[in-house]
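Database features, via Swiss-Prot:
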TRANSMEM  14-34  transmembrane segment
TRANSMEM  35-55  transmembrane segment
TRANSMEM  99-119  transmembrane segment
TRANSMEM  122-142  transmembrane segment
TRANSMEM  146-166  transmembrane segment
TRANSMEM  206-226  transmembrane segment
TRANSMEM  239-259  transmembrane segment
TRANSMEM  307-327  transmembrane segment
TRANSMEM  328-348  transmembrane segment
TRANSMEM  357-377  transmembrane segment
TRANSMEM  397-417  transmembrane segment
TRANSMEM  451-471  transmembrane segment
Amino acid sequence: MIAMPLHRALLKNFLGYAPDWYKLTIFGFLLINPLLFYFVSPFWAGWLLVVEFIFTLGMALKCYPLQPGGLLALQAILIGMTSPQQVWHEVTGNIEVLMLLVFMVAGIYFMKQLLLFVFTKLLLRIHSKPLLSLAFCMAAAFLSAFLDALTVIAVIISVAIGFYGIYHRFASQQGEDEADISDDSALNGEEHHRTLDQFRAFLRSLMMHAGVGTALGGVMTMVGEPQNLIIAKSAGWDFVDFFLRMSPVTVPVFICGILTCVLVERFKLFGYGVNLPDNVRRVLEDYDRDMTEKRTQQDKVRLLVQAVIGVWLIIALAFHLAEVGLIGLSVIIMATTFCGVTEEHAIGKAFQDAMPFTALLTVFFAIVAVIIDQQLFSPIIHYVLQSSDSAQLTQFYLFNGLLSSISDNVFVGSVYINEARNAFESGKISLPQFELLAVAINTGTNLPSVATPNGQAAFLFLLTSSLAPLIRLSYGRMVIMALPYTIVMTLVGLLCVEFTLVPFTDFLMNNHWISLPNLTISGSHA
């Protein structure tokens, strides 16, 4: 066996299974950045770094962004674009967000049985496809307003994979141990192939409705998305304040999103409108009946306990009884205690999904530190702040929407709220205008970002899941199926920012439903 040359072995190990062109591109970035920083302009080197980082987010299907983005961030610190102290300042300033990801996501993991039970009953009890789609969309929206969207999508993916596997094993006449549900060669007859294709289309539409539902619900509350918490902290809002502040935009968008769900199903547009095949329903109902009969008293108690913990979670968040991460920790403690999960390795599994994204979010903050130190967004913010107050809202919404549709909305939201806070602290905008800009930034990062899987973490999670190849859900198909929602949510959001945000906020203020927070000019910001 001929030994592999050292340089070839290094390239092979570098970024693992990412394609060679991608590896060489990252190498090129790492080579160009210090040259541009030292010999041309720190400002333009900083902007190139931001573009490079957005590129790594956009190429998330080629390689998880933590490694290439982390290398770029490390190099930026080493060559002096920012300092470890500034990065640490950003991280500590956003510790609530990191706590949310670590503890809340893990906490909801221990409530999966209840969520699986709910979505299973929805799928089997509701026979009308438009009504079922509406139920999935609204259930995902409600859950995402209080829980982590990734966890909600993960649960629905689990339901879909489970049901797909049940029918696939039935159609291929294989046992649970021997079946490979990704292999269709064992299917018996053309009818089973046709039925399975129809079932795939049915599951695709349900998953997309649920994914959009997480965006519709997630934009409404401060815990719905990680960037919401960053924005809420910067603006000085609690849970109820955040909901009321967003409502002039989010409530009309929610209503129009729900109408879109019904219309695309009713008129069978953009790949929607496919019904659950009758023979698949019979197989799934038989399986559910069998599982219900096997459910023990202990299993029933676990479901009841998880439902009670869910009520505690909603009350604790609504009344801000503690920081979000601590509420998540309380969920972990209660759910594991009363559901009998006491082994360390079993508890450890709950943290697996959140930790990579938590690490990536810390890298985001390093890039934000570069943006602050190099004042990269100052020209853009200066340009926007030359406009009238209403034009500022529209421009912030559109700038956020455009970037969020191609990049990660947590990163975009963090950057823009930071710049808006800086403008307020330097006296360029008033406190009421800053509060309105925070609404425009939050809705801008959350609503148009459904356009592509790059923008919404839940969409990216769905696309990279083991379910996507089973139901033939590709990147292009996701973009097409998201298109009606993208158009409606973006345009309705824009119109609301333009016409309803200011008068309705004034109405809430005059009736003492909301008030201006006591923000200190010298306070730390997100």
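In case you wondered, yes, glycine gets a Cβ from its N, Cα and C as well.
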Are there at least 3 C-beta pairs under 8 angstroms linking the transmembrane segment (122-142) and the transmembrane segment (328-348), leaving out pairs fewer than 6 apart in sequence?
no
Stretch among 99-119, 146-166, 206-226, 357-377, 397-417 sharing the most Cβ pairs under 8 Å with the transmembrane segment (451-471):
146-166
Residues of the same chain, at least six outside the transmembrane segment (14-34), with any C-beta under 8 angstroms of its C-beta?
45, 48-49, 52, 55-56, 59, 62-63, 67-68, 71-72, 75-76, 79
How about long-range neighbours of the transmembrane segment (357-377): same chain, 6 or more residues beyond its ends, C-beta under 8 Å?
42-43, 45-47, 49-50, 53, 64-66, 69-70, 72-73, 76-77, 81-83, 86-87, 89-91, 94, 97-98, 101-102, 150, 226, 408, 410-411, 414-416, 418-419, 457
Please check if the transmembrane segment (206-226) comes into contact with the transmembrane segment (35-55), where contact means 3 or more CB pairs closer than 8 Å and the residues in each pair are separated by 6 or more positions.
no
Counting CB pairs under 8 Å, which listed stretch among 35-55, 99-119, 122-142, 239-259 touches the transmembrane segment (307-327) the most?
99-119
Under a criterion of three or more Cβ pairs within a distance under 8 Å and sequence separation of at least 6, are the transmembrane segment (146-166) and the transmembrane segment (99-119) in contact?
yes
